[in-house]
Amino acid sequence: MPQTLHVHSRVKDYDILFTDHVLKTLADCLGERKQRKLLFITDQTVYHLYQTLFEEFAQQYNAFVHVCPPGGQTKSLERVSAIYDQLIAENFSKKDMIVTIGGGVVGDLGGFVAATYSRGIPYIQIPTTLLSQVDSSIGGKVGVHFKSLTNMIGSIYPPEAIIISTTFLETLPQREFSCGISEMLKIGFIHDRPLFQQLRDFQKETDKQGLERLIYQSISNKKQIVEQDEFENGLRMSLNFGHTLGHAIESLCHHDFYHHGEAIAIGMVVDAKLAVSKGLLPKEDLDSLLQVFERYQLPTTLERADVSATSLFDVFKTDKKNSEQHIIFILPTETGFTTLAINKDDHQFVEKLDSLL
């Protein structure tokens, strides 16, 4: 599906390149930088699945590889430090480049390293999971976890380019595919109900071209939102639908039990229930959300982990989206979204939350 989307950024513009030929597209992106040093950051899963691809990289470029353990706990300052050590040992300068090839964890981690090493070096993202292709690679957000706090340290640092190839999705486990669908449903439910309906009816096994169209549509939606509100002062906040609770679940579960898209699905259900209770969203819309989550085997309750409403509320207080005295939730409405500000001392809300979990 060779196409290109151009993203306008206040930091720097970049292209999202859709391709079936990753090596050629990467070579085109690098241009004169082909002669510079490249550090490929990936994880063990991707490295073993695509070892031939990495061997071709090594033949064509002055390339080094940093292979991370898989999983969310890799997004740590300890891993950042290990990558810094490798960059310094190989004498990387601001003229050299990082290429991330992996899911959202690798993209966020590698982007953060690029943003901070030598006060910023260029990088290219090659996302290999559905979630990273439609969500985490788009918009320039990079960062790592701090202790148990999700994405607490980070920046907005756009890449030189993002290379999207659905070929990578052929090796993606169903659970990870559903996590990507979760983020696509999020943007569809808030901003593009026709997209939501198409995802509800989509048949993965028989419609590869349909998947490519849905990916392109999801990315186009996020591109438009990011271009209007890159630094999350208004419209881009809508993309945090499900994320206040979702990030708290990830933090308390130490990024085990629930993958990101699963935690966000639970968060979306609770946000939608809150919206229904306040008369902002028809119950039929909540029912539709629950049905499509069930279809994609996404969780809608916290049955896998012993997590209390009180412990979740305590984590909410550290959320980076908060204002000084309030915890911020994004609630879906019949026509879009609104924000709900909960006082950090509102212990009655804990009881309300407990009834919704």
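A Cβ is built for glycine as well, from the same backbone N, Cα and C atoms used for every other residue.
Same-site candidate for Zn(2+) binding, as annotated by Swiss-Prot with His243, His260, chosen from Glu183, Glu294, Glu303, Glu324: Glu183. Binding site for NAD(+) per Swiss-Prot: Gly104, Val105, Val106, Gly107, Asp108, Thr128, Thr129, Phe168, Leu169, Glu170, Thr171, plus Lys141 from the candidate set Lys141, Lys147, Lys186. Among the residues the record lists as binding NAD(+), namely Gly104, Val105, Val106, Gly107, Asp108, Thr128, Thr129, Lys141, Phe168, Leu169, Glu170, Thr171, the two farthest apart have Cα atoms separated by 26 Å. For the pair formed by Glu170 (NAD(+) binding site) and Glu183 (Zn(2+) binding site), distance between Cα atoms is given as 19 Å, rounded to the nearest Å. Put simply, Glu183 (Zn(2+) binding site) is 18 Å from Phe168 (NAD(+) binding site) when counted between their Cα atoms. The CA atom of His243 (Zn(2+) binding site) is located 15 Å away from the CA atom of Gly104 (NAD(+) binding site).
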